[in-house]
Structure formats: C-alpha cells, structure tokens
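Asks: One structure, as structure tokens, below. Some questions next.
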Amino acid sequence: MLPPFQTALPIIRTLEDAGFQAFFVGGSIRDSLLGRPVHDVDIATSAKPEEVKALFKHTVDIGIEHGTVLVLYKGNQYEITTFRTESAYKDYRRPESVEYVDSLLEDLKRRDFTMNAMAMDKNGKLIDPFRGSEAIRMKRIETVGSPEERFREDALRMMRAARFTSQLGFGIEPGTKQAIKRHAPLIRHIAVERITQEFIKLLEGEHPYEALQLLQETGLLGFLPGLCGREAQLFSALHPVLNELSEQQLWVYLVAAANPEDANAFLRKWKLPNEKRKAIVRTLSFFRMRAGRKWDPLMLYDAGEQTALDAEAVFCAFRRENPAPRISALRQAFQKLPVKNRSELAIDGKKLMALFSKKGGPWLKEMLREIEKALINGEIENQYEAIRRWVLCKYPQEKK
C-alpha cells in the first residue's frame, strides 16, 4: 500500500471501529494502478455526515448537502463522502436529490468512468465491480453502465472524457464516443467556468492533440465558447506537434488558429482570469509580429524573455518545426541584451524630471522609450552619466 493510503489508514480504522464501512475510492485508486503520483485520497463510508463529524475533531462542511465532509488529520485533508445514490438530474448537471445508502456497490454505480469506480479496503484489496482495472490495462475510457445515461446525468462528463484522454493518453471506447457525438449539444447547459476548468486541465495534459481531436471528431468542439463555426479552421491546425506546447502556448496557438476578429472578446467568453487573458493576448500579438519578420533586439526586449519564447514556440508549431534550436538561439540573444527591462535602466523618470526641472507628462514616457531604443541598439552604455549626456544632446529644447 502506497504511503498516502497508509497515512490515511487511521481515518478508515476510526470509521470501522465505530461500526461503519469505509473504503478508499476515486482517482487515487486509478492513479496508484497507473503508477502515477497519488495526491488527494478520498474515502467513501456508510457513516452519515453528522456521524463523520462526531468522530473527528477537525472537520469542514464542504459539500454536506451531497454527503461530503472534509476531515483535517495530521496536516492532511481527506474528503469523506457517505455512500449515496442520486435521483434524476436537473439541468444535465446536478441531481435533484441525494439518498444515502449502505452499499458501496450502489455508490460506485453512480460514478462516471469505470477507471474511477474502484475502491480499496484497509488491507489493500481492490474492489472493482465494473472492471476499471481492465479498462486501465487496455488504456480505455468507458462509462459505468450506459454512456447515454451518464452524459444525460452530467454533460460535463463529456469534457472530462476529453481531459482524461489528454492526461492519460487513453482512447475512448466506441460506444462512449458515439454517445458524446449524440449528446454534444448538452454541454451548452454547463457553466462556462466549469467547461474552462476542464479545458485548462486538458491543455495541461501530455496528449492535448489527441484530446482536441476527440473534441473535433465528436462535434463537442463547436459547442465550446466562441468556437461555433470555427471547427474547420481548428481541425486543419491540429497536429501532433501540439503535444510539445505548454498550456499558455496552446491558448495562443488555438486563438491564432481560430482567428477571431477580437482575441480579447473571444477569450472573455471563456471567463479566464484577467491576467491570464491579457498574457495570452500579449503573446499572440508578438506571435503575429514574428510571423511577419525575424526577431530584432528591440522586439525581443519589448516582448520579454518568456513571452518571446512562447511566441517562438507557437511560430514553430505552425511551421511544424522542431522549436529547440530556435528557442536556444532566442534565449541566448535575450541574455546578450544590455538591459532586460525598464527597471534596469541607469536612469528613471524621477531623475529625468530633476534633470530637466519639469513635471511628468507625455514627454517623459517618450524620452524613456528613446533611451531604451538607444541602449538596445548600442548607441549608448547603460550608465547614468552616458545617458545624461545623450539626452541633453538629443533634447536640448527640453532644458529651456
């Protein structure tokens, strides 16, 4: 038994000593079979939420209406959920009601995919009624029971299937894939924030190309924010090289491929955090500059190292080129710049205002920009006296 489970054994024993059933469940079991790092250890039990709270000193009600209590134990957090079944779903996302049961099997039946519907007891014995371990061996994503029912219950499960494709490199069982094709329009009932959360995890995975292919082949792609009518453009841009890009670079690549009139407006539809959206748009602008010309020192300085490297990686991806040589050369070129950003200038706005005995204004911004250009182009050295002489020579009228 892996250390994360051993650490949680006292939780299991406390529940069992009180007369309740308790098992490890969920993604931690899947990841342990895959040989992947186990992070969050979840527990399912026959104990009701109030009974769980009575047994443990430190608890938090994180989803008590659905039977989940967070237990804090020796610096770790454990989600403990009561065995339950769920009624008919409303809005293709949430069950109308939850009923507690005493059966682990009934609890596992409600889960999304067979690889997530396994449990393990305190002795490390695997409980696998839906052959999830076989699905893992076959590298196959399949639903528990009818895929039609699972996706009608919770349409977000279709995005989760694509996300697992990216994270695990698994294929989709044919019946499950056909069900996604039939139910793709249901994704419109899901909150954009939840779709975006799954999509980001998809882009962070090791196989985003295969996952994006799945979205395209099932028609799900066209129901994602801002992508209706852009499927053909994206399909033609899909290529295995995407597996080499970071999540940030993939956003830039996909926006460039979709080519919306307003990239900012397009990304707002995904409800991304403002800083993330701005970073994507900024990198996109430098990618478009790069598509028209080679990097020069000033363009590289303006971009900054990471933005330049991201833009270059996207540029290489569109050209289906190995980015490594270009990235290495670009990194070296950046390190050779006399200054890397404005904070490194030997003069600043306050010193310039004192030098010219003037208040700030548009002139100051323009002068700082000209100083940057002169430094980057090698006209002057980054020393205060050299810059002072240069500006007094270039802007004698400002001194009057």
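Placement of Cβ uses the backbone N, Cα and C atoms for every residue, glycine included.
Those TrEMBL annotations? Automatic predictions, nothing curated.
Under the heading domain 'Poly A polymerase head', TrEMBL lists 22-141. For Gly27, Arg30, Arg111, Asp154, Arg157, Arg160, Arg163, the entry in TrEMBL reads ATP binding site. For Gly27, Arg30, Arg111, Asp154, Arg157, Arg160, Arg163, the entry in TrEMBL reads CTP binding site. Feature annotation from TrEMBL assigns Mg(2+) binding site to Asp40, Asp42. The domain 'tRNA nucleotidyltransferase/poly(A) polymerase RNA and SrmB- binding' feature in TrEMBL is assigned to 169-227. According to TrEMBL, the domain 'CCA-adding enzyme C-terminal' annotation covers 246-391.
Provide an account of the burial state, proximal residues and distances for the features listed.
Replies: In the predicted model, the domain 'Poly A polymerase head' (22-141) has a mean pLDDT of 92.
The number of other CB atoms found within 10 A of the CB of Arg163 (ATP binding site), across every protein chain shown, is 23. In the three-state DSSP scheme, Arg163 (ATP binding site) falls into the helix class.
Around the Cβ of Asp42 (Mg(2+) binding site), the number of neighbouring Cβ atoms within 10 Å comes to 17.
Helix, strand and coil content of the domain 'tRNA nucleotidyltransferase/poly(A) polymerase RNA and SrmB- binding' (169-227), in residues and according to DSSP, is 44 helix, 2 strand, 13 coil.
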Asks: Quick one: give me the count of other CB atoms within 10 A of the CB of Gly27 (ATP binding site).
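Replies: A 10 Å sphere around the Cβ of Gly27 (ATP binding site) contains 18 other Cβ atoms.
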Asks: For each of Arg30, Arg157, Arg160, count the other CB atoms within 10 A of its CB; which of these binding-site residues has the top count?
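Replies: Max Cβ neighbours within 10 Å, all protein chains included: Arg157.
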Asks: Out of Gly27, Arg30, Arg111, Arg157, Arg160, Arg163, give those binding-site residues positioned within 10 angstroms of Asp40 (Mg(2+) binding site), comparing C-alpha atoms, in sequence order.
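Replies: Those near Asp40 (Mg(2+) binding site) - Cα within 10 Å - are Gly27, in sequence order.
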Asks: Can you tell me how far the Cα of Arg111 (ATP binding site) sits from the Cα of Asp42 (Mg(2+) binding site), in Å?
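Replies: It is 14 Å, counting Cα to Cα.
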